[in-house]
Amino acid sequence: MFVAKRFLLSPWNRTVPMNIFRSLSTAPKELSQQDSRVLDQVIRVDQAGELGANQIYKGQYFILQFTDPKVAPTIQHMWDQEKHHLKTFDNYILENRVRPTLLRPFWDVAGFALGAGTALLGTKAAMACTEAVETAIGGHYNDQLRDTVHLNDAAPELEKLRDDLAEFRDDELEHLNTAVDDWNAKEAPAHGLLNNAIQAGCQAAIWLCKRF
């Protein structure tokens, strides 16, 4: 996977040179400081989100492989996709020297606890958790695609990042449909309460990771 070597430099730089592709015939482009901050947030927040999702599925699998083995392959498939998402954003973090969220230790624990806790309530509750998380994250990816569309003209080499955002959004919505259509997520006990609480938690997590 090709990633621009550095489209996010230190916050003290006023602009970021975009002469990444040596073969470009046009003059090097620059990103404004504000656009650099937007991209910094995109990468940091999404890496944190994929970490949380990875831990949720890890927790669900840890319980459901014993309590409901027939759903384990579905959980494993979704978990494998989240592993790919996380690896991709880990690479973006390293290759572009973006500061990861300071809250990573908390997301490690909270994600696993949420996954395992809902799985202990049963398969439908676990799928209601998936429904809520993927609804929030799918919408979040859509917001990011809208927020970065104007950067295509200023920095066409960022197209790969936006392609990944679109691909991962589609994966998250596939997980949502699987939870609702195949595993009856909406039949979970206290579905409305569970759904609203988890979505609110996801929105709070996004807000925090933008800032810390």
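Keep in mind that glycine also has a Cβ here, set from the backbone N, Cα and C atoms.
Taken from TrEMBL, the feature Fe cation 1 binding site applies to E50, E82, H85, E172. Of all Cβ atoms in the shown protein chains, 23 besides its own fall within 10 Å of the Cβ of E82 (Fe cation 1 binding site).
Under the heading Fe cation 2 binding site, TrEMBL lists E82, E134, E172, H175. Following the DSSP three-state reduction, the secondary structure of E82 (Fe cation 1 binding site) is helix.
Less than 8 angstroms from the CB of H85 (Fe cation 1 binding site) sit E50, A53, N54, F168, D171, each of them six or more residues away in the same chain. The Fe cation 1 site is set by E50, E82, H85, E172; from the centre of their CB atoms, other residues of the chain with a CB within 8 Å are G49, A53, N54, Q81, H84, L86, I137, F168, D171. If you take the C-beta of H175 (Fe cation 2 binding site) and look for same-chain residues 6 or more apart in sequence within under 8 angstroms, you find M78, Q81, T130, E134.
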